[in-house]
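**Q** Annotation source Swiss-Prot lists transit peptide at 1-72, citing sequence analysis. Per Swiss-Prot, the feature active site maps to ASP678, LYS753, ASP910.
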Amino acid sequence: MASTASYSPSPTSQWRTQKLPKRFNFYVIHNQEFGKLSQSSSLPTSSFPKTLKLPVIQMPINNNIQSQTTVCVSTDENLEELVNLQKIANGVLTKESNKRVFIQDPPWVSSLFMNSLFVRAKQVQGVRREFREIERRRRYAMLRRRQIKAETEAWEQMVEEYRELEREMCEKKLAPNLPYVKKLLLGWFEPLRQAIEKEQNAETTVKHRAAFAPHIDSLPADKMAVIVMHKLMGLLMMGGKEERCVQVVQAAVQIGMAVENEVRIHNFLEKTKKLQKHMTGAQSQEDMSRETMILRKRVKSLIKRNRVVEVRKLMKSEEPESWGRDTQAKLGCRLLELLTETAYVQPPVDQSADTPPDIRPAFRHVFRIATRDPGKSIVKKYGVIECDPLVVAGVDRTVKQMMIPYVPMLVPPKKWRGYDKGGYLFLPSYLMRTHGSRRQQDAVRSVPTKQMQQVYEALDTLGSTKWRVNKRILSVVESIWAGGGNIAGLVDRKDVPIPELHSDDIMEVKKWKWRVRKSKKINQELHSQRCDTELKLSVARKLKDEEGFYYPHNLDFRGRAYPMHPHLNHLSSDLCRGILEFAEGRPLGKSGLRWLKIHLASLYAGGIEKLCYDARLAFVENHIDDILDSANNPLNGNRWWLNAEDPFQCLAACINLSEALKSSSPHTVFSHLPIHQDGSCNGLQHYAALGRDSMEAAAVNLVAGDKPADVYTEIALRVDHIIRGDSIKDPATDPNALLAKLLIDQVDRKLVKQTVMTSVYGVTYVGAREQIKRRLEEKGLIDDDRLLFTASCYAAKVTLAALGELFQAARGTMTWLGDCAKVIASENQPVRWTTPLGLPVVQPYFKTQRHVIRTSLQVLALQREGDTVEVRKQRTAFPPNFVHSLDGSHMMMTAVACRDAGLQFAGVHDSFWTHACDVDQMNRILREKFVELYSMPILEDLLESFQNSYPALTFPPLPKRGDFDLVEVLESPYFFN
């Protein structure tokens, strides 16, 4: 058989053919054979091309030919058309009886071939898409099973772990290799389990059990023991005002709640086990209800559940009434009492064999004196569970063994559909953090679903953002932490030394006691910070190998969104923000590379963040070598990144930029880094938009400018000017003169920033004083505590006065809001309003009522929401709460719009995040939504709602509004930057 040649038809060539029959096979011959064939055939020579170019496609000619002759026919550039194909076939086949005819590449044949190829490719692509979809569903189902197991079997797994450790200890003596905390918990587990089991089996009267240990037998003793130990240790790690202790009422209620939640799941599983066990042969699956089948499958294998929604409905329909805080506290107290009786620690010191070991209780129940009321002889006491210093030391070193509830989810959260419908698959999830305010709960529950739809969508959008752990940053953090911390903002892992007394002088002893108190307080704060860091790192370690995870969000009562997981989240510290990144990567693009550089400069801060964009870009270009060195050698190089205000986020940006700069095509490098766009003193931005004041709008970047306006620097300059003026006055006539001299050259942006930031949220004089005092302490230029206090008082007054001068319109709006709240609260009514997105808000400030209950441990005084409003709190809290509800609305509106535009979005109140390549689009959206929000008659609607709700009351008139045009916000490059 001859070889194949190629042919490219002339543009002018045309084919006219007859439809050819099927079932013909053709072969290709060489040019020489074709020439011989043409000479021996009856075909004219001009009918054949001068140069033979044969395609791969083969065509049949005639289905009634007996013999086979092969003839190759092609077009030539000088040939206009071929002779009729039937004539060719007849002529050839009469001369050569054993040959066939082969037809070469007409356009319609090529079209058929390409069309067939295209159809085939589409089929292959479709199959691939189907396989990808099948794989996606398979992986989702696997992750969903893991998530359900994590939510429902956590305590069960901990119990099994303790049992396994006990077996290994007996067989292999593994105790010396266990972490310290694990040793403690393992040592407490069996005695506590036995004590609980004994309590469960005790022949006590129903009345006695109801009074002191209700529901003590509602869970297996081993599971209850694990819950008590871990909840108490978790509370101790969270830290608080007290050193090495936690209040009994707090611990008891928390433990009672944890037991109740586990009881619901446990009872549900036990019930389905009994259903399965007592099924007779006659009771086939067909006879069972759909619900029973689901229950049985769930018990048989939690991992294989696929009907989570139906199961939750069944659980909810069969749930008993909530225990209530009284019952929770009673049970919690009894379990705490059993723990204090059975848990012991032994100091790790060498002791002689003939000396009994120094074993002492790990926990003690003691009473402490509350702050005495002046002029009253009654001393108030409260009970605490105090832990031994050895327990604190162990907790300080490691918390890897602690079980943390509400960890980030492996699958997207359930969409919100109601007050308690959404978030985690099985763990109790509530739309709003009401902190026990029944009025707020009732308000949210009573609102139609349609009215809340925008809020639900926003929370779903925030919860659908997929995150992952930045392993390179985590590795750097772990290295620093293992080395003792104390750099890059990490807390020092060593306590400050307690000063020793070297004199018997009364004054020296007094000073020594004060220094000891101060050192202990510092160490207490360090301990709390170390526990917090360990909690964050423990979650990061657990999630570092996951492809991605999600944060279910809910709201505070004002409508601000928060992740439900409290430790490792993007609302937290620089440590958390540096460790977290988007799971999805997107190419930087030209604009993304620019924004990455701007982002890096802003994170470095030190005043760089207040420069124009071009200056920030120039800063990065001038430090390229430092950036590359930081990325390549973060701990052993020149460590430039450590000088940044947000060091870990800065390092993450250095690494991302380094990857781009090393690439031959920087714009195509994928980036997972969230790029921030932050509001400029966002509370004042909202007040400026409400009041339409042009001067205030310019001060907070609602108006376009060549560089960002810095309101903090502006206030600092005003404060410095006032202080310098006071410093030249006569101290005999003006007592502030000496304080002013003391503060010269100490006033800067940092000194006043927090006070300015919180002024719009209703900061009081006392609050401002404490904020400024902390900044002055950090400077360390005033040693005397009394002098530091008086200087802080003076600086706070001056700062608030400067604020009042610059933001008069904002003060007017704040005053109007406060006056309206006072009118309402004077009628013993809480202030209520509805946010622009339809969320009802009720201020939860009521005088509390004390409710005393007797427990086995002590008498507890539980506080409940009363019926009398706190007038002062209702008035002072309303302005900041109202503005918070507005900034929450702006963030949620932006989140939904970004989702609709295909952007990944994360929000931190007044800081919006997305991929570098999408920053320009997000900037446009957030400005449009701000203008849309404040184009609504917000204050007018608020006043109308007050008048409709309280027609008998008289409210002050609306504050005057300025002439600022909101449209200018759309053109302001530094509104968010």
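Each residue, glycine too, has its Cβ placed from N, Cα and C.
Please situate the listed features within the shown structure.
**A** The Cβ of ASP678 (active site) lies under 8 Å from the Cβ of SER602, ASP910, SER911, PHE976, ASN977, each on the same chain and at least six residues away in sequence. Following the DSSP three-state reduction, the secondary structure of ASP678 (active site) is strand.
A sphere of 10 angstroms centred on the C-beta of LYS753 (active site) encloses 19 other C-beta atoms.
Counting Cβ atoms from all protein chains shown, ASP910 (active site) has 19 others lying within 10 Å of its own Cβ.
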**Q** Could you tell me which three-state DSSP class ASP910 (active site) falls into?
**A** coil
